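J.: Before I ask anything, here is the structure I am working with.
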Amino acid sequence: MLKALFLTMLTLALVKSQDTEETITYTQCTDGYEWDPVRQQCKDIDECDIVPDACKGGMKCVNHYGGYLCLPKTAQIIVNNEQPQQETQPAEGTSGATTGVVAASSMATSGVLPGGGFVASAAAVAGPEMQTGRNNFVIRRNPADPQRIPSNPSHRIQCAAGYEQSEHNVCQDIDECTAGTHNCRADQVCINLRGSFACQCPPGYQKRGEQCVDIDECTIPPYCHQRCVNTPGSFYCQCSPGFQLAANNYTCVDINECDASNQCAQQCYNILGSFICQCNQGYELSSDRLNCEDIDECRTSSYLCQYQCVNEPGKFSCMCPQGYQVVRSRTCQDINECETTNECREDEMCWNYHGGFRCYPRNPCQDPYILTPENRCVCPVSNAMCRELPQSIVYKYMSIRSDRSVPSDIFQIQATTIYANTINTFRIKSGNENGEFYLRQTSPVSAMLVLVKSLSGPREHIVDLEMLTVSSIGTFRTSSVLRLTIIVGPFSF
């Protein structure tokens, strides 16, 4: 400002000595300055004092010639003056005030510079630039006084450094960034300021020495939810398999694979970061853990069905042989054909056995036996042939399963008529040639037929069980036969 004031005063002196020149009067100042009627010169406006909340976001306001700066609170400003300190005598007509111009290099320690600037240290102010915290501002300020604008636009004016005269004879800011007159490095960004410029590192970089180096954002948590990938001047977030970035490009959210691209053949269950496949009953996961294969239940167990297991897709079923029906899905139950349908004649009776039925004559008596109302075959005493034959024969039928466990009581014989002073004995008269049976007397009038060898069917056994009755005084002797037909079924059920 002193330099501009000195030139102005010199111009006024020349004007006063030349009577032919038109007297120049000043009516206004450039932007950022106001007229001081006392000192008769333009003075800087301290916007930091008069503008409410001039800087936002925690920035500090630093008054600047013709304007102000909003810088981080940690920023420092070193003023670079291109002229050493000078003192000039006031010209005629001025207030006589002296404005000092102080070179930054003349400051030995930190302190406040004229115009509101700051100096860091003697070593730092030796050069024309400084760094201001992480934002990397390099600021050059030229605190020369702005020139007052003459009311006569035909006269040329002197502008402060960083300004130039416009076609309207006002001092306007020089955009050093556009003009290419800045001294920012190739890896820095030039930012134009009023009357000056600043050099700043691009986003994602920080100043280290004279260079802009990449900021590794991945070392400053928590930038990313899961994975952080640093790139020159930036970074990006990645998610683990099974997750995807949310709209904020930071948070990882689970991918519901069951909704997006269901790869499961049957059932899909989403879990955090993945999914699992399950199969319906009767199927199992294949080796790829996606598809389902039928389980051959019949191969895995031989106890599923009582008779035969039939594998089907996803299930199995049980079958029974002819003469049986499936009950409770797995067991076989004999069908009583005598209660449903049979082919027996009128003179035959139907006898059901395990797995089938047979027709037997309703009158099984053979000559010389005759049928009584009690369904007994009796040999008449009057018939001479009956003297050597059993007095009566009773026909009975029973059915047993194949391979029945032994020993097993299967049939009980008992006298229907009891005579006084008689003794009854029991024996197997015929049909036990292979020793499959044993007759055990259980009382004076009864005996139990015992199966002692397992029988396999289908087959039929006819066993004659005889009861001998003898008088205790030997007056008479008689016998009765129970002809038992044993039908062995084809299966053990």
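Cβ coordinates are placed from backbone N, Cα and C, and glycine is handled just like the others.
What you see is a predicted model, and the numbers here were worked out from it, not measured in a lab.
I grabbed these lines from Swiss-Prot:
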DOMAIN    26-71  domain 'EGF-like 1'
DISULFID  C177-C190  disulfide bond
DISULFID  C201-C212  disulfide bond
DOMAIN    214-253  domain 'EGF-like 3'
DISULFID  C218-C228  disulfide bond
DISULFID  C239-C252  disulfide bond
CARBOHYD  N249  N-linked glycosylation site
DISULFID  C258-C268  disulfide bond
DISULFID  C279-C292  disulfide bond
DOMAIN    294-333  domain 'EGF-like 5'
DISULFID  C298-C309  disulfide bond
DISULFID  C305-C318  disulfide bond
DISULFID  C320-C332  disulfide bond
DOMAIN    334-378  domain 'EGF-like 6'
DISULFID  C338-C350  disulfide bond
DISULFID  C344-C359  disulfide bond
DISULFID  C365-C377  disulfide bond
J.: Summarise the domain 'EGF-like 3' (214-253) by DSSP state, stating how many residues are helix, strand and coil.
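T.: Tallied per class, the domain 'EGF-like 3' (214-253) gives 3 helix, 16 strand, 21 coil.
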J.: When DSSP is mapped onto helix/strand/coil, what comes out for C298 (disulfide bond)?
T.: helix
J.: Distance between C377 (disulfide bond) and C292 (disulfide bond) at the Cα atoms, whole Å?
T.: 69
J.: Among the disulfide-bonded residues C239, C268, C305, which ones place their C-alpha within 10 angstroms of the C-alpha of C298 (disulfide bond)?
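T.: Close disulfide-bonded residues: C305.
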J.: Let me spell it out: take the domain 'EGF-like 3' (214-253), skip the flanking residues so only those 6+ beyond its ends count, and list any with a Cβ under 8 Å from a Cβ in it.
T.: 202-206, 272-275
J.: What same-chain residues, at least 6 away in sequence, bring their CB to under 8 Å of the CB of C320 (disulfide bond)?
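T.: C320 (disulfide bond) has long-range Cβ partners Q306, Y307, Q308, V326, C332, Q333.
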J.: Over the domain 'EGF-like 5' (294-333), work out the mean pLDDT and round it to an integer.
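T.: Mean pLDDT, the domain 'EGF-like 5' (294-333): 94.
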J.: Of the disulfide-bonded residues listed here (C252, C268, C279, C292, C338), which is spatially closest to C212 (disulfide bond) when Cα positions are compared?
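T.: Nearest listed residue in space: C252.
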J.: So what sits near C338 (disulfide bond) in its own chain, CB-to-CB under 8 Å and at least six residues off in sequence?
T.: C344, C350, W351, N352, F357
J.: Residues with Cβ closer than 8 Å to the Cβ of C279 (disulfide bond), same chain and 6+ apart in sequence?
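T.: Non-local contacts for C279 (disulfide bond): A265, Q266, Q267, L285, C292.
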J.: Are there residues of the same chain, six or more positions away from C365 (disulfide bond), whose CB falls under 8 angstroms from its CB, and which are they?
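T.: The list for C365 (disulfide bond) reads L371, C377, I393, given in order along the sequence.
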